[in-house]
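Participant: Copied straight from Swiss-Prot:
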type	residues	note
REGION	1-121	region 'Disordered'
COMPBIAS	1-10	compositional bias 'Pro residues'
COMPBIAS	26-41	compositional bias 'Low complexity'
COMPBIAS	42-54	compositional bias 'Pro residues'
COMPBIAS	84-93	compositional bias 'Polar residues'
DOMAIN	100-163	domain 'bZIP'
REGION	101-124	region 'Basic motif'
COMPBIAS	106-116	compositional bias 'Low complexity'
REGION	128-159	region 'Leucine-zipper'
REGION	172-226	region 'Disordered'
COMPBIAS	202-212	compositional bias 'Pro residues'
COMPBIAS	213-222	compositional bias 'Low complexity'
REGION	242-288	region 'Disordered'
């Protein structure tokens, strides 16, 4: 009994297996290209594993060629179906986000913004110019007020000087001077010439000293009064004369007052009295 040989494979089955292999290779190349061009995007899911009878392997193809088409049925005639990758989830990067504006619309917006900026700048410049003019007028007004103030100050100083001239205030008198009481002429006797001349004069006779005693008593009292008046005058003037000037002043006033003194009737004047002279023992001339 001879073994039966399997019929030759149908040419349509060979072409379908070759097409399936080409399709799988094309899918792998497409996936590799997408991975290189868009590394950030998620990888597409790999195709589901094919059943062993659909894998394009050489021994399987030979086995399939040896299978009777009546036994395999219409499954082999239909050919393998490869699942198509779902590309709906992948979005183009160009369409992501907002819609890009057109060039003409963007240029119009830029022109409008520049126009608004120029208007604001011109308004601000006009405002600053107005403020500068106001400051200039204010500075001129301040200068005029300062000049007027200086003129008024000079006028006030002149008025004060004239007021002081017209008032003529007199300084107050010291407390120890009273000008309300009348002051009469007080006779002042002449002072003695010197100590040497008085010591050399001898004692007059007993009758002569009794006559000039009233005159000497009268001369001592005016001398005290004159000294007190001189002290009052010096205190009122606020100054004191030197001792030499004061002695000369007292001597002159004493001589003038002595001339005015008139002795009683029947009594000789003090200037008319003559005293006997005696020569000194030392032999020097006397100085009167």
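Glycine too: its Cβ is placed from the backbone N, Cα and C atoms.
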Participant: When the compositional bias 'Low complexity' (106-116) is classified with DSSP, how many of its residues are helical, how many are strand and how many are coil?
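Facilitator: Residue counts for the compositional bias 'Low complexity' (106-116) by secondary structure: 11 helix, 0 strand, 0 coil.
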Participant: Can you work out the mean pLDDT of the predicted model over the region 'Leucine-zipper' (128-159)?
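Facilitator: That region's mean pLDDT is 95.
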Participant: DSSP helix, strand and coil counts for the domain 'bZIP' (100-163)?
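Facilitator: Tallying H, G and I as helix, E and B as strand, the rest coil: 61 helix, 0 strand, 3 coil.
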